[in-house]
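S.K.: My structure is below; once you've seen it, I'll send some questions.
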Amino acid sequence: TKTISKCYVQVTGMTCASCVANIERNLRREDGIHSILVALMAGKAEVRYNPAVIHPSAIAELIRELGFGATVMENCGEGDGILELVVRGMTCASCVHKIESTLMKTNGVLYCSVALATNKAHIKYDPEIIGPRDVIQVIKDLGFTTSLVKKDRSASHLDHKQEIRQWKRSFVVSLVFCIPVMGLMIYMMVMDSQLSDAHAHHNMSDEELEALHSSMALEYQLLPGLSVMNFLSFLLCVPVQIFGGWHFYIQAYKALKHKTANMDVLIVLATSIAFVYSFVILLVAMAEKAKVNPVTFFDTPPMLFVFISLGRWLEHVAKGKTSEALARLISLQATEATIVTLGPDNVLLSEEQVDVELVQRGDIVKVVPGGKFPVDGRVIEGHSMVDESLITGEAMPVTKKPGNTVIAGSINQNGSLLISATHVGADTTLSQIVKLVEEAQTSKAPIQQFADKLSGYFVPCIVAVSVVTLLAWIIIGFVDFEIVEKYFLGYNKSISAAEVIIRFAFQASITVLCIACPCSLGLA
């Protein structure tokens, strides 16, 4: 007897079913190749060959000569079938041992583990030699009842509705409070520019200017040191900080717990510091009964949260669209299959309904008119028209006669067909499409990974820079107070120089933090 080995070849450049047929037809002619099975979506060929005659690298070379890219896959474990079963009727550890030892002796079973507590069995097998129905039969012969672990076909993990809702809420809350804050800010800017114009044209004294400044409605002080502008900004900022920023705080906390710094940390840091600093400086101004209103940063958090929560909301909406398509794809899969036993001359001997997961490679499956194809396969007998629009987008039904391939999930129209299963379970075209889309969703674009990596360094850097700013201004202030005096306008002459310096230094370092956060990197 000659030995037969099996290898997997990754094939790139296949575009349609005719490419698959081309590779299979040409390789079957070669010496030493026993059989070949190509999966289009997975881009994988499973070749059984005689190692005395041909090597995997030569097989890959043959495929390359046909004009496709081909590399031999090292980890051949991918062809193993995995079976999860619920086993009933086990009473003690000896039952477990009995099942495990019997299965391990069975030809084709590679690994088996049975848990008494959960009544579950996890089995790895070689689909070439044995199939799920054989395994179940072995366990039944031992006197236990067994059934498949029901897979959740609803694709609930692909549902983005909750995230879409939460970011939408976050965005709306931030927006509602952000608009008035922006309005106040623009009003102040306009008034300020009018003031400076007035100052330029009529050579007013500083006292008159001061009087004009405080006569503006928004600069009117409700309490000494608390202007209408600052009070309104504070009121509008609190709900945004709590409701708009809630999810950011949670995520930032999680990131810090794992000792990483992502964009959420920076957002939270900048908004919290801007908020806390503004709040504290207001309290100080009120305590001092300051004549000049302090400069606050209450406008930063709402605007930041608006931009970022809008971005997150849009991202989840886009993800949700793909997921919807994916959930529809998953729902196309058939749940049951009719397996038939054929006698000589293709005479039907018996047929039984089984779960799709139990169909084995090489099984003969009967598909009635109007039925879905449960697995990928080749037609053995019968003629029919098949609607394959779900995979190919081709609206016209395709004729199928013996020897043609059929795709799982497509719909048989007018004739009854017998097909031989070639790809089952996770290897069917439909499962592969679902897998590819899932992978595309969970994997990040390379640029996104790069941005995340950068932000890991970016956050500590910004914090460091703002600390340096703080220290630098404190040193400058104590060395040469006039510089601080020049830039720190309208500070209260009654407070000590040291306090002025420290206040100014804080203001500078907070500015650094607040400006660094809504950077293009973070928003993008």
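Every residue gets a Cβ built from N, Cα and C, even glycine.
What TrEMBL says about a protein is an automatic prediction, not a curated fact.
Annotations for this protein, taken from TrEMBL, read as follows:
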type	residues	note
DOMAIN	5-71	domain 'HMA'
DOMAIN	81-147	domain 'HMA'
TRANSMEM	171-190	transmembrane segment
TRANSMEM	222-244	transmembrane segment
TRANSMEM	265-287	transmembrane segment
TRANSMEM	457-479	transmembrane segment
TRANSMEM	500-523	transmembrane segment
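Map these features onto the structure and tell me what's around them.
M.R.: Outside the transmembrane segment (222-244) by six or more residues, the chain places 169-171, 173-174, 177-178, 180-181, 184, 188, 271-272, 275, 278-279, 282, 284-291, 293-294, 296, 298-299, 301-302, 305-306, 309 with a CB less than 8 A from a CB of the stretch.
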S.K.: Where else in the chain does the transmembrane segment (171-190) make close Cβ contacts, counting only residues six or more beyond its ends and a cut-off under 8 Å?
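M.R.: Distant contacts of the transmembrane segment (171-190): 218, 229, 232-233, 236-237, 239-240, 243-244, 298-299, 302-303, 305-306, 309-310, 313.
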S.K.: By Cβ distance under 8 Å, which residues at least 6 away from the ends of the transmembrane segment (265-287) in the same chain are close to it?
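M.R.: Contacts with the transmembrane segment (265-287): 223-226, 230, 233-234, 237, 241, 245, 248-249, 252, 255-256, 293-298, 300-301, 304-305, 308, 455, 458-459, 462-463, 503, 506, 510, 513-514, 516-518, 522.
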S.K.: Do you know the mean pLDDT across the domain 'HMA' (81-147)?
M.R.: 88
